[in-house]
Structures are given as C-alpha cells and as structure tokens.
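According to TrEMBL:
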type	residues	note
ACT_SITE	412	active site, proton acceptor
BINDING	413, 416, 418, 420, 422, 431	Ca(2+) 1 binding site
BINDING	505	substrate binding site
BINDING	535	heme b binding site
BINDING	536, 587, 597	Ca(2+) 2 binding site
DISULFID	379-457	disulfide bond
DISULFID	414-419	disulfide bond
DISULFID	463-665	disulfide bond
DISULFID	542-574	disulfide bond
DOMAIN	28-345	domain 'Plant heme peroxidase family profile'
DOMAIN	369-669	domain 'Plant heme peroxidase family profile'
DOMAIN	692-992	domain 'Plant heme peroxidase family profile'
DOMAIN	1006-1319	domain 'Plant heme peroxidase family profile'
SIGNAL	1-26	signal peptide
SITE	408	site 'Transition state stabilizer'
C-alpha cells in the first residue's frame, strides 16, 4: 500500500519536516549529480586521482580530509552579530565548504580548527576540477568526494556519495567554536549534539571510528596525563603503558605541542579498520572522549560490537559519512559555486546579505515570494491598501491604542507559526487563548477591515496581509514613517495555544535568550533592539512587572535598577495587596504615549523601563550600545523601525497555493475530510473530530412526532410541580459542557463518573432529563441523544421562567466516557479569580461577555452555606467577613449559616423579592449593590475586567434577555460529538459500552491483533521485527529501556503515531524531555528490514509497538566468550496493529505533554486518565523503570536541595543517598547516570524488583518516591511488589492499552517510507 502524495495545499496543513535550509531549497542531492555536466570528463575520477597522489606523498591526507568533512558539516547554527553599528546575520550552514573561507574571523581561525590540515589538498583538487569543468563543482562537493576517495584508498569500503551541494557565503569563527565538540565532551551531550544534526547514537559510534587514522596534539589530552579534572593525578582509565608513552610524547613542562596517534595499534595508524575500537576497550584511548566512549553505558555495547565484528565497521562507516554529508546543505539557487575554495565570489557586506540571504525560518524558504504591490489590479479600481488605511484612520481617531494593538498583534502572530494570521482564529485551544495573548486588543479592527475589503474585493486579500498593511498605517498615523509593505501572504489553517505559550517570549526573559529567539526567526540583535522600540506606544498590566516593585527575584525588595520616581508611580498604580490588574504606560515620556518615536530609549537609559526586559535592554553589554545610538537619533529609529517591521513580516509566510484566503479572519474556510488529518479544525475538545449541529435536526426523523414539542411538554409539567427545575437544568448544562463538552457525560452513573465529583454532588434535574428521554423513546426509540435532551430541556425551562425563546442546534451524540477526575479539574470553583475565569471560558471558545452573561444564570437557584460561609466569618483567612458585602445581607446570611452549625443550609443567589425563579437582570443589580452571595458574584461586579459588562446588563433594558439565549447556544457547541461518533443511549445514566479510546483515537477505525497477516505474502512482519530487535538487544541490552521509553514518549503526546520519530528542528524529538531518548536506530533498522520484503505496508508506529513488545520479551543476557545467550524475562503479549503514521510533530506539544519526573501523583493519575489509562495502568507502566537509567540532572535536587529546602529528600534511604551522591557530586558538571532499579543482577530484567526498591525508599526519581508514598498509589505498588506474577501479568496489557492512545487508522495519516520523515 503506497501513501498518497501530499498536494501543495495539503503541505500547509501538515508539518513538512525539513532540517534547516538543506531540505527546503531546490532539488535534492543525488548520486551522479555531475554525470554528463562536464562533457566526457568524469568529475569523481578527476578527484580520485588527485587524492591518490596526495596519499602516496602524505598518508595523513586520509585523516585530514575526514576531519575536514566533520568540521565543515557540523557548523550549521544561526549567528547574529552587531558589528560597528551595523547588524548582520548568517544563514544556516552545514556541508557548505564554509571551513575553507579565509579571513580574520572565519571558521579556520577558531582555536578548535587551527590544527586542521588538508586545505592545500582541497585547493589542488579544486584547481584540477576547475581546469576541466570551470564553475561547475562546488568546494562542498569536492570535499565530500575527496573524503570518500581517501577512505577507500586507506582500506575502507567504496560508497556512493550524493552530490549537488553549493557553497556557503558566510564563515564565522564563533560558529565553529560553538558547534564543534571538544575532545572532553561527555558522551550523553555528544549523542544529543549528533541527534540535533539528524545523526543517531550508532552514527556517532561509527563516525568516531574515524579516529582509526590521524593524530591528536598534546594540548587536547595533556590534562589527562597530569591533572585530570583538577585532581593533580592522571586519568585512572588510561592503561599504564599508554600513560607512559603519552607522557614521554608530552612532558609536563614542555611547551612543544607534539602529536600522538589516535589508534595505538602497530601498523594500523593509516588504515581504515576497527582496530581503534579494540584499543579503547583496552583503555588505550588517547582522547578523553575515546575512553569515555568505550566505558559509557550508552555506547559500550556498540563499541564491543564494532570491535569484534571486523565487517561491521567497514560496512557502516561509508553510510554514516553519507548521512553526515546531508547536514544543512545548500542546493538549487542557494549559495554559489566558488572559483577557489578560499574566497567568496560575492562580498558578504550587509547590503548584499539583504539580497542574498533568505534568512527566514519556518516555511518562507519553501514557498513563493512576497512583493510590493501584490494587490495592484487584483481588485479592479479599488486601492486595497488605501481602503485599509481609511479604516485604521477612523479607529485610531476613536482610540489611539489602535497603534500599540496592531504592532503587538503583528509580533504575536509572526513569532509563533509565522505571519499567517493564525493568531486571529477562534477556538478553545488556539493561539488567541494562550496566556500571553489574553490581553491583546485590535481583533475588532481587523474584523472591520476585513469586512470593508470583502465588500469591494471578496476572496482576494488575506487576513495576514491585512494585519501587515494595517500595522503600517497605524505606525504612520502615530508619527512613524510611511513605508512600502510586501504583500502576497496567505492565511494559515493551524493555530495552537501551546505553540503560542512556547514561542512568545515573556517580559522577564534574559536578553541573551531573547536574542536567540529572534535569531531563530532570522532576526539580528539590531532587529531585536529596534523592534522592542515598539514599546514607545502601549501599556503593560501590573502582573507583568509587579514582582519588580516588591519582590524582585525573591529578594523581598524592589528591582534596584528602577528609578525612584518610576518606582513610586508604579507602586501607586499597582498596590502590593491589590488584586486589580491595572495598566501603566511602557514609555513614561509625557505627551509621547501614543507616538512612534525614540523617547522610549531615552527613558530606559534613565532607569524608567516599565518591564524587566526594557531595563535589561539598556544595561546589557550586547544591546546597550545600540540603545544609546537609537536614543540619540529619532531619524535613525524611524528609518530602522520600519525596516525591521518589514523583515519581521517575512517570517514563515505562506504564498502561492499554500494556506487559504479566509472569508472571515476568525475562522478557516471549510476543509475536506482528508485534509482534517493534517490541519487543525478549530473546534473545542472532542468536537474537533466531528461534523456540525444545526437547528431542526430532528424534523422528520420521528414521523408525525415533534421531538422538541415532547421535551417542552415534559419540562412544563416538571416546572409546574417544581420551579427549581429551571436552575437545575441550566446548571446541569453548564456542568456537562464545561468538562468533556456537551456530550451528556455528566448524566452517566458509576463509581468514578463526573456525577460523583464534589462540585456535582449538589446537582439536580437528572430525573427531568430521564423523563424527557423516556417520553421520546416511547414514540421514537434510538433517535434523540441525552446530550440534545438536556440542551432542549434547558431552553424550555428558561422560557417558562420568563426568558426569551431561542432556537437550539441539535444533532449531538452521547459520550462513552465520564471521569470524576476530569470534573474536578475542569469545573471552576466559586472563588475563582476573574482573570482566570475569563481565561478558562476563552479556552472553550466563550468570550468575556459570554462569561458574564452565563453567570446571569444565578438569577435563579440557590447556593449551600459551604460555598460562601468563609465570606461571612473568615474571608481569605483574615478572621473577618468579606468587607465588600452589604452589611444587611451579611447579617441575614449569618443567620442562615451560623458559624458552628453542621447544617448546610441554602439561600437564593438572587435576593430580589419575587425574582427568585425568574430569568431577568435583577441579579446584576443585586451584585452591584454588594449583595452577591458567592465570591465569584462579588468579583465580577468589582473587577475592572467585567464591571462595565455587569453595568450594561443591569441598566440596559432588554440587554440580558437578548444575550442569554445566544450565550447558552454558544456554550452548547463545546466539544460536541456528531456523525458516527459516540452513541445514542437508550438510558441517559448508562452508556452502551465504556469505550475508553482517548484523544484522536476516538475519531478513527480500530486496530486489531494480526492486522498484517497475509498482507506481505509469506513474510511474517512481526517475526522480521522480532529478529531485528533480537540482534540489536544482543549488541546492546539498553535496547529494552530505549524502546519502552520511546513508546511512552510517542503515545503520550499526539497518540501512538510515530510523531516522536520525525527529524526536524522543531519536532518532538528536539524537546528537552526527548533529547536523551535512544532506540531510533533500532526502529530504523526494523523499518528497513520490513520495507525490503514488504514496501509501503507497515507503519512506523506499528514497528515501534511491535519492537517494544519484542524488547520486553528479551531482557536478561549474559556474555561468555563473546557469545550472548538470551533468556526471556518479560511475558510475551499480543499487540494490536493497523496504525498509520502522522504528518505532524511539534516540539511544543512534547514539552506540554511529556510529564516531568517531579509530577505529583494526583496530577499524574489525572493525566493518564485523560488518555484512557487507569490509576493501576499508570503504576504498572511506571514499572518500566525496572530497566534503564536516569541522568543526575533528573534527581540531583533530591540529593542536596529538595524543593529548595537546602536539604536532601528525607524520604530517601540514607545509604542509598550516599551512593547516589558519589555518582552525582554536588559541584560536578558531569551528568552521570545511575540505574533506576538498583537491585543486583536486575538492571536489565523486566521484573517487580523496582517496586520493592521504591518501597524501601530507594527510588531514584521523585516520581518513584511519590508513587511509593502516596495514598493514591501505595496499595497498588505493594500488590505489584509482593504478589507473585502480578506485575508480569499486568505489564503487557498496560503496554497494549497505552498503544491505543490517539491512533490513526483507515485513510488517516500515511505509511511512511522512512520513519524520520514524512512522504513527499
């Protein structure tokens, strides 16, 4: 089965996992690129002959060329420098020949490169090639082909090389020094560094085998001989004979920088063979990295395999060199073809950079180009930019904050996914509702502009361009320069809250870190300083700088860098104990608050920066100089500000056929079902998966019976008997919709369902819904969902209580899942702060006004004493009543709820006489008179965020009635299930079956055991994978923990979809919790083996699941005479297969979803519950810690400073504590490892010894100790520790259950050809 190729429009919705520039530009590399390009001349043969001559005269040519390749390819980072009042930026590099460029600050001049040889060899090769084929072959390719020839001539295997690279224009000493690993680098850090460049642990091991040739200078290892790690002693891991030899080569006080062979094998110094590995196993490693490599747990198994299999190294060295040669290449029209390798064809001045360097990250490299005047002639005689200007002008005259609103929106849009208007999309989990974006203004301005533009030119102008043009207009209206803007952007289809959280820098960010964030987006230090000048307009809320005023960096003192007058002003604006989130101007210059000028810079120089980043900008050596330059010239600021805005507006743009042109900026155009798998449809919670609800869904579905009329009559009868029916049903709808969505999950009976959560214990109205359902089932069985029954019933009740009739949308289906833990986590408390409540409603697609209107449901109903008694006697632990409460109401409520009474009485939420059961606006008048019962009531009346809306609802006739019905309808859209998803229950308290499929997995088909049987002819897919894993396990017993951990880190993020395997700069693999992951090479090998016999059939997600099962089965090995005997330790279990691979992998999602090692038990149990896993599943799966290791940085705080106490974790066994402290000394920078299970002879065995260890207070990680000690989990831990066979019986099924999370099946996703990249 072959995956369908992605269309160009689809690419915008899926993540095209490209590594920097290399995969993004032009044509790909390929074998034989130069064939036929040089007439009858064979370029590779020309190079081979020159290298052959060079090696005959100097055998060091081999090591020179190999080392040159490594040092060229490994420098590929973005660098941004402020030099002589100008700023310049280099582009991403890798194998681009930058190592050859000469100059005072090029890579060649970096200390780590100063001993490199081979430059003259490459010059001679280039000259020979130029003679026959001028201006055709790049220096980057010359080096790759020359290194291959050298490897072959030194005894290595011949391998095909891919060519077609072009040469880079930039070479910086700082980049080389930052990116080439030193010889003392720890093994885990080296592995991470290689992983960042797309190379796995095995590649690292094989490439280090290049040390089989060449020498090292004394300065790179002399410390090992005399003063290893400041001990005044030699490195104890060096064998005595080698130590003696090296000390004679490098005497202690001799300043001569002599050389020693890296491979000490006699007669093997110039041969490509595996002798190096045998030497380092015998403690004869010259460099520290050599010896560490042989001893470290992560690599020792690989070293042994390469040492004792003579063909293994030779077979793999060439392919590893090919793989390294793909790092960061330039192709197509990028870079240049140099005439000589030591100099550029083009000067790299700042002005040339602007023309040559396509310095934008994300997608802009890959898609079409922006241009000035894109819309000219596209809208007849209408001038689009002028039309936008006119709207902005009107808005600016009415509200000068329009300027800061639009400038800030531009930044917050462009810095997340690029300038694609993703910020504007509505939805619970969109960027708009991330914390940094909750205070943004200007959305109404964009909406008005879009409406105006659509009237005269429908479907042409993107929202992304509207923002850019509007911001330019606002800047010019506020005194800035008018400037031409580039247009032609299209709108994105993806908007993720977690991406905004991960990418928008906070106001406390250190300057160096901020510079890096800007650099990641192609912006220089200069751009950063100039763009921060946007703070010349706008305000900041107290919460973004209040800590500076009272408790800067936990000192209980103000920030000493704030000037005294500004401190006094800000403290008066933001009093210490005030909960009001007031605002202060960012530019304190009088009469300059709404003007684009350089006054801001003058203010921050004087200590008048409002936010921490403002003040740091002025004081940091990297930026202070430019701040002073800009402070002295308004003209310079004006000229550079618009240029920086233009540059920022190029970040990650979509053009051509990418993205779409939205009709409204708040919502995407409709997308096909096949596209849904790639793009984010901005519906909330589970609703993302399913179709639409609409008015009149049940018309004609029950013959002559009118479903809504039947519901109406039942509710009417109930209301006549009990007027509390109104508040009961309103509250039921709220408590249902706010948790999993409006899916009737609150109605389900069960021990741990939502109904049993404490906030729901006082709910009523279940009998009303049951009666409604029963009445409809009698005449029309199996048609009306309980979810719709509740929505229709609530509408009817509101009408009977005096509310306006409103149409309800129907067509929902009922959910299968109801969890008490989710209700506890999602239902807001009665004392929730207003800002937090507004945010919470925003996450569910409800506006601030929706929140205040829906709280108007308190116009009916009652509250129990326990919900407000603290306000009467001990408000916020003050020992006094809430001072805001009307004294007469306080006295009345104290009678209802005496201080020491055990009776949980009730009182009306609305105390207006004769209004207790009426839907009206009396409640708002009551709370404005300080007669709110609950703290939330008092808070919405008094908060500046909501007071204006409360007043409008209280004093505008008819306004509440007009708004309440639509708000109920809007709330009823949260997280709905439609189509074939969910079910139609027969009885509302009982689901037909509890189908615990979590996340996206609910959306797609089923996986099952034996999916691949018969799909690959006679080949048994699971057996093939089994054999690969077996071979890998024999080489390296860490394979078990590697694969178990890989499965967990894959499944817990987007689901079990192999997203963790995808390479790329911002993929899950690059998230901090995943940097220490291993096992990718095992999955690659298994995939390759399967593809050979059955191409395009088996997904990478299934390969990982099958491989992990196989590894669990292989867990104990003993070595005898280099023969490994495998015993089965874990139980074999059947795995379900049929998954498909996802197209998306996001670093931000891994950061948000992979649990930290310090996670509290209740939070961990809740997190697993959200993925359909029980508390026992959680405890059993954590038993995977019976194998594997943890690095010191994951638990070191427990040894010395647990939870900032200055003491160790007191729960830890004292002897165990001392043991771990030896492994992880307090001030050591070495990030060592220790086994997670310290049971002797059990480190690589799947058994229950881990549980016994943690019960004995020998848990390494905090989560291990928490699990053993928490009442939530201790009983399960004891059962697993002391019940024979229980863990082995449970572990396999728990892995199977985890393997069901969020699977893609059927036509969703794809079957990747390579697990590291999506199909193209």
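Note that Cβ sites are derived from N, Cα and C of the backbone, with glycine treated the same way.
Keep in mind that TrEMBL annotations are predicted by a computer and have not been checked by a curator.
Annotated features taken from TrEMBL, shown on the structure.
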residue: 413; record: Ca(2+) 1 binding site; contacts (Cβ under 8 Å, 6+ apart): 419, 420, 421, 422, 423, 424, 431, 464, 467
residue: 463; record: disulfide bond; contacts (Cβ under 8 Å, 6+ apart): 421, 424, 446, 450, 491, 662, 665
residue: 535; record: heme b binding site; contacts (Cβ under 8 Å, 6+ apart): 586, 587, 600, 610, 611, 614
residue: 536; record: Ca(2+) 2 binding site; contacts (Cβ under 8 Å, 6+ apart): 586, 587, 592, 595, 596, 597, 598, 599, 600
residue: 574; record: disulfide bond; contacts (Cβ under 8 Å, 6+ apart): 542, 545, 546, 549, 582, 584
Do the domain 'Plant heme peroxidase family profile' (28-345) and the domain 'Plant heme peroxidase family profile' (1006-1319) share at least 3 Cβ pairs closer than 8 Å, excluding pairs fewer than 6 residues apart in sequence?
yes
If you measure from the Cα of residue 457 (disulfide bond), which of the recorded positions 412, 416, 418, 505 is the nearest?
418
Can you tell me the CA-to-CA distance separating residue 412 (active site, proton acceptor) and residue 418 (Ca(2+) 1 binding site), as a whole number of Å?
9
Do you know offhand how many angstrom separate residue 379 (disulfide bond) and residue 418 (Ca(2+) 1 binding site) by C-alpha?
26
Long-range neighbours only, meaning 6 or more apart in sequence with Cβ under 8 Å: which ones does residue 414 (disulfide bond) have?
521, 648, 649, 651, 652
Check: same-chain CB within 8 A of Ca(2+) 1 site center, minus 413, 416, 418, 420, 422, 431:
414, 415, 417, 419, 421, 423, 492, 495, 652
Segment confidence, the domain 'Plant heme peroxidase family profile' (1006-1319), expressed as mean pLDDT:
87
If you draw a 10 Å sphere on the Cβ of residue 665 (disulfide bond), how many other Cβ atoms land inside?
22
Relative to the Cβ position of residue 587 (Ca(2+) 2 binding site), how many further Cβ atoms are located within 10 Å?
28
Candidate with the highest Cβ count within 10 Å, taken from the binding-site residues 418, 505:
418
Within 10 angstroms of the C-beta of residue 379 (disulfide bond), what count of other C-beta atoms is obtained when all protein chains are considered?
16
By Cβ count within 10 Å, point out the most packed of the binding-site residues listed: 420, 597.
420
Do you know which of the recorded positions 408, 412, 416, 542 has the most other C-beta atoms within 10 angstroms of its C-beta?
416
Please report how many Å separate the Cα atom of residue 505 (substrate binding site) from that of residue 418 (Ca(2+) 1 binding site), as a whole number.
15
What's the CA-CA gap between residue 416 (Ca(2+) 1 binding site) and residue 408 (site 'Transition state stabilizer') in angstrom, rounded?
13
Whose Cβ, among the recorded positions 431, 457, has more other Cβ atoms within 10 Å than any of the rest?
431
For residue 408 (site 'Transition state stabilizer') and residue 418 (Ca(2+) 1 binding site), determine the Cα separation and express it in whole Å.
14
Surrounding CB atoms that lie within 10 Å of the CB of residue 422 (Ca(2+) 1 binding site), all protein chains:
29
